[in-house]
C-alpha cells in the first residue's frame, strides 16, 4: 500500500504536519522558457556567475527564489534582500505547516495524524465525537478510529490492555486494523497483531552454518572504505516507490550501490510477496548492486531481546532467499543503534554480519521537501570539496522522493567531476562478491571462499579519518549510540514551548509506560495550545505539536529502556555532528 507524504514525514520523525504544494501550471510562467538550473545555482552573482540559470518554479510555492549568493531556495535567505528578480521569484516563502489539530476542507484540506479521526466540524480526535456521525474519512480514520474493545485503548500506556483478535495496537495505544495501527516499527508488539508477525514462507535460516567469511571485520563497527577515490553509495529502508527510478539513475552513471533493505515495515507489505518489490530486488542483483539487511521490521536492535533481534534478521534472510536464492552478510542497524552492552554485537557476529555505518550523512531524511533538499546538496558539495578525504561511505534513503529525484543526480555529478566513482560497500572494503551472501543451509555463495576464510576477523577498515572541517576523527573500534529523534532535553516538566498563556510541557518518565503517558499528555496539551496562546502564536503551537510527535516516535523506538534523561540526550550527534535519527 502506498504511503502518503504525511505518513512518510511522520515515519521519518520530523513531525506530523502536512505541507501545501503548488497546484498552478508552472509552464505558464515565463521562467519555463529559460534554462532551468541543473545544479541549484542561478543568476549572475556568486555561485551563479557566468551561468545565468533560472530557479525551477516547480520546486516551491510561487517559484524558487535566486539569492544574492546565486543559489535557489524559498526561505527569506533566498527571497529577501538581494534576491535576483530576473532569475526567479522574490516573493515566495516556505509554506507554513498547518495546525495538526484541525482538518478537512474548511482547514486547508489538512489530514489528521495517524490514528485520529476528522470530525464533521474539522477537528482531530479519537472519540465517538470525532469518529462517529459526520466523520470525514478522506481526512483521517473513521470506522477504525474508535475500535470496539471497550474504550478502544491498548498497550503500555493503557494498563497493558490487549486488542481484540485481528486488531493491532498503535504507537499511541489504540486498536485498529489499517496500516496506521499495524505498520512497524510503531505497532506495539504483544498487545495485538503487527505487520512484523508475518513470517516468510520456507525453512528458517536460524540454524544455518555461518562461518565468518573474508577479511572484513565482524568485531567492529565499520564507518569508512579501504579503497581510495570512491564513494560507497548506500540506501536505507527500501525498496519503495522511487527505487526503480534510482536504479535508472545509477545505471546512467555506471555507479553501483548497496541497498539496506527492510522486509516489512511502513505498511508496504512483505518484500518477497508484494509487487513490485521482488522484481526490483532481482534487478538490483542483475545490475551488479549489493543487497544487505536493515532488519525485517526496523526495530531498534539495542532495545529488544536477543531472540527478537535474531528473529528480525532471519525473517529478512528467508525473504531474501525466496527472491534471489541467497541472503546477505552485510547489515546496517536501524536508528544506527546496536550496542555491545545490549548483546547486539555478539548476536550480529553469531549470525555472520558485518555492521556497516557511514561517514558521510546526506541528511536527506531531515530534508524531504523540495524547499529543504538544498541542505543535503550543500552537505555533499562541501564534503566532496575536502581534498583531505580520500573516500566516503555515504547514506541516503530511497523512501525519500527528493533524495532520489533531486539530490542523487546532483551528488553523482559531483562524484564524477572529482574523478571518483560510486561503488558498493563491499567493493569499497575490497571484499570479494562471493563473501557478500550465504545460501540457505550453506556457508556462502562459493564454498571455496567459505572454507579458506571461515576464521578470519581481521579488520581492514581505517581507525581515524577526517572528513571535513566540521567532522571529528572517528574510530571503527567503538561507537556512541543514542536514540533516534532530535529534540531538546526535557527531564522534568517545564515549558518546552511558552506562548501567550500557554505552557507546553513534556513530563519526566523512566520507563516505556511513562513515555507513552507523557506522549499522550503532550498531545492533550497541544490540542489546547491555540486557544490559550492565540492565533498570533500559531507557529509556536505547531512546534510543540511536532515535539509531541517526536516524543511518540522516541517511545516507539526506545524498546523497553526509556527515560526522559536518555531522551534529552538524543540528537546531539556523533562523528562531527552528523547526528542520529536514521531510519
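Every residue gets a Cβ built from N, Cα and C, even glycine.
TrEMBL lists 443-489 with the feature compositional bias 'Low complexity'.
Residue 79 (disulfide bond) carries a helical DSSP state (H, G or I). What TrEMBL records for 65-79 (among others) is disulfide bond.
Annotation source TrEMBL lists disulfide bond at 103-118 (among others). Annotation note: residue 118 (disulfide bond) sits in a strand segment as assigned by DSSP.
Under the DSSP three-state reduction, residue 112 (disulfide bond) is assigned to coil, being neither helix nor strand. Residue 112 (disulfide bond) has a Cβ environment of 28 other Cβ atoms inside 10 Å. TrEMBL lists 112-124 (among others) with the feature disulfide bond.
A 10 Å cutoff on Cβ-Cβ distances gives residue 131 (disulfide bond) a total of 24 other Cβ atoms nearby, all chains included. Residues or ranges marked as disulfide bond by TrEMBL: 117-131 (among others).
Feature annotation from TrEMBL assigns disulfide bond to 154-169 (among others). All protein chains considered, the CB of residue 154 (disulfide bond) has 30 other CB atoms within 10 Å.
Annotation note: residue 175 (disulfide bond) sits in a strand segment as assigned by DSSP. Positions annotated as disulfide bond by TrEMBL: 163-175 (among others).
Residues annotated as disulfide bond in TrEMBL: 168-182 (among others). Reduced to three states, the DSSP call for residue 168 (disulfide bond) is strand. Residue 168 (disulfide bond) counts 29 other C-beta atoms within 10 Å of its own C-beta, drawing on all protein chains shown.
The domain 'Chitin-binding type-1' annotation in TrEMBL covers 39-92 (among others).
Taken from TrEMBL, the feature domain 'Chitin-binding type-1' covers 100-144 (among others).
Restricting the average to the domain 'Chitin-binding type-1' (151-196) gives a pLDDT of 89. Feature annotation from TrEMBL assigns domain 'Chitin-binding type-1' to 151-196 (among others).
Under the heading domain 'NodB homology', TrEMBL lists 229-423.
As annotated by TrEMBL, region 'Disordered' applies to 440-490.
Positions annotated as signal peptide by TrEMBL: 1-20.
When the disulfide-bonded residues 65, 79, 103, 117, 131, 175 are screened for a C-alpha within 10 angstroms of the C-alpha of residue 124 (disulfide bond), the residues that qualify, in sequence order, are 103, 117, 131. In this structure, the disulfide-bonded residues under consideration are 79, 175, and the one with the smallest number of other Cβ atoms within 10 Å of its Cβ is 79.
According to DSSP, residue 131 (disulfide bond) is assigned to a helical segment. Geometry remark: residue 103 (disulfide bond) versus residue 65 (disulfide bond), CA distance 30 Å. Closest by Cα distance to residue 154 (disulfide bond), from the disulfide-bonded residues 65, 112, 117, 168, 175, is 175.
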